[in-house]
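Not my notes, these are from TrEMBL:
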type	residues	note
TRANSMEM	24-46	transmembrane segment
DOMAIN	39-290	domain 'G-protein coupled receptors family 1 profile'
TRANSMEM	58-80	transmembrane segment
TRANSMEM	100-118	transmembrane segment
TRANSMEM	139-159	transmembrane segment
TRANSMEM	195-218	transmembrane segment
TRANSMEM	239-263	transmembrane segment
TRANSMEM	269-289	transmembrane segment
Amino acid sequence: MRLNNTASTFQLTGFLGMEKAHHWIFILLLVVYISILLGNSTLLFLIKNVHNLHEPMYYFLAMLAATDLGVTLTTMPTVLGVLWLNHREIGHGACFSQAYFIHTLSVVESGVLLAMAYDRFIAICNPLRYTSILTNIQVMKIGVGVLTRAGLSIMPIVVRLHWFPYCRSHVLSHAFCLHQDIIKLACANITFNRLYPVVAVFAMVLLDFLIIFFYYILILKTVMGIASGEERVKALNTCVSHICCILVFYVTVVGLTFIHGFGKHVPHVVHITMSYIHFLFPPFMNPVIYSIKTKQIQSGVLHLFSLSHSKA
């Protein structure tokens with residue numbers, strides 16, 4: 001039987017016990033958000049406009065940057081609203097939509113990292129067929145496939161959120177909406193919504209990681225077969241940026257999962273902080289990693305700055 005005492009809004013939460021520091025936390029997060037927006041927008045601009053970045057590797061990087069921008073733009077409005085304006089109310093529809101995009105984009109990021117591993121595998125293990133295998137059409141198909149897989153996999157649990165009555169406190173644990181946070185407030189049978197993310201979504205992300213790991217075993221095997229030491233180093237250098245991005249993403253995923261699963265006695269602020277690290281650290285670090293390790297992007301950034309300086 002459906003209950004009638006369901007409020008139309010949820011209450012978002014900032015950093016409990018640290019309300020006096022909210023404005024300072026706001027300034028810190030605003031700087032991080034602006035850095036993420038500038039870094040990933042710059043990557044997209046360079047990949048679109050610099051001719052020697054028109055390669056499959058950089059198209060996948062553009063997908064990663066777009067995904068990181070999506071995560072940031074999805075979480076930023078409510079987080080900054082809570083911390084600066086103390087605007088805590090969010091309607092059910094807006095909350096469910098935010099949760100859908102947050103979780104979908106997390107799965108997209110995992111899929112894009114897998115696509116980038118496939119790109120490095122083809123480039124190193126089958127270089128003569130690289131351009132014929134990873135054509136623009138093929139890259140586009142992979143991108144659409146990654147997006148479709150993520151969107152469809154998250155949809156079943158988010159759609160069900162609209163059916164549940166919410167008759168408890170209506171206070172969420174974060175300044176943004178997460179599925180696992182919302183279902184704690186539902187007064188209904190939430191067995192499917194508890195099990196599905198573990199079985200389907202987590203298994204999908206884990207499978208992505210295992211396939212990436214398998215690709216890198218094959219890459220390492222191929223590289224070790226190269227006679228020239230200089231060529232071995234050169235081949236491995238093309239993978240360093242991607243490996244760093246993988247570590248940044250999956251270490252934060254494991255950290256967040258570990259805290260939620262085994263950190264019942266850990267202070268609440270640690271849970272909140274880990275959530276922010278998970279959603280902000282990869283988008284912040286990915287442009288930094290590629291800017292440091294990729295000469296073409298370095299030269300593009302320098303060219304961009306020289307143009308802006310000459311115009312000034």
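Using the three backbone atoms N, Cα and C, a Cβ is placed for every residue, glycine included.
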With Cβ-Cβ distances below 8 Å as the criterion, list the same-chain residues six or more beyond the ends of the transmembrane segment (58-80) that contact it, or say none.
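Here the qualifying positions are 12, 26, 29-30, 33, 36-37, 40-41, 43-44, 47-48, 90, 98, 101-102, 105-106, 108-109, 112-113, 115-116, 119, 136, 139, 142-143, 146, 175-177, 245, 279-280, 282-283, 286-287, 290, 296.
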Across the domain 'G-protein coupled receptors family 1 profile' (39-290), what does the mean pLDDT come to, as a whole number?
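Taking every residue in the domain 'G-protein coupled receptors family 1 profile' (39-290) and averaging pLDDT yields 92.
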